[in-house]
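Following: one structure in structure tokens, then a few remarks.
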Amino acid sequence: MMGDKGEKECATASSPIELGCGEGDESGNKSSMRTVETLLRLVPVALCTVSLVVMLKNSQTNDFGSLSYSDLGAFRYLVHANGICAGYSLLSAIFTAMPRPPTMSRAWTFFLLDQVLTYLILAAGAVSTEVVYLAYKGDEAVTWSDACSSFGGFCQKTTASISITFVTVLCYAVLSLISSYKLFSKYDAPICFNGKGIEIAAFHS
């Protein structure tokens, strides 16, 4: 009777209704994950655009002279990096929102591009942070005086733009983790061999 009961439970568990429910749950999870990833890719579009606009409009003229973001290579790099990041974020969000079957080539493409964009925007923020730090503190070793005491408005806008850039870095760090998971989850776990058995077989041969 216990064997009959086990067979009934197996038959019930493998019924078409429950199989259909399992497939529905799986498709629902994929849809919700796709929605979350799409939103995460849209957020950097707004962040990069705001950082870009703030830096583009960042210039100040006073009795000490005039200063613009274009006078410093680090800030020009920040502008270009934010522009590239905004464009890629928008395109990747559109592709992510499209319900397409996952393929290995697509997973590799998103993984590599997300990694490149993460380091690109991180480098832009780091280099700009160093420049604005020198603008605030100066460097006595090379007799550089601080510039922010004379161009306070310029430094404030620069700090705001850099801060927004680092928020973008956090978003792309999360996106890199997601794309890494989606890629490497497609690979099977490595097969573990019994080393002792292999040694014995080699010895007897």
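We count from 1, first residue shown onward.
Cβ from N, Cα, C; glycine included.
Listed in Swiss-Prot:
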- 1-35: topological domain 'Cytoplasmic' (TOPO_DOM)
- 57-77: topological domain 'Extracellular' (TOPO_DOM)
- 99-106: topological domain 'Cytoplasmic' (TOPO_DOM)
- 128-157: topological domain 'Extracellular' (TOPO_DOM)
- 179-205: topological domain 'Cytoplasmic' (TOPO_DOM)
- 36-56: transmembrane segment (TRANSMEM)
- 78-98: transmembrane segment (TRANSMEM)
- 107-127: transmembrane segment (TRANSMEM)
- 158-178: transmembrane segment (TRANSMEM)
Same chain, outside the topological domain 'Extracellular' (128-157) by at least 6, Cβ under 8 Å from its Cβ: which residues?
54-55, 57-60, 62, 64, 67, 72, 74-75, 77-78, 165
Whole-number mean of pLDDT values that fall within the topological domain 'Extracellular' (57-77):
90
Secondary structure content of the topological domain 'Extracellular' (57-77), with strand meaning DSSP E or B:
8 helix, 8 strand, 5 coil
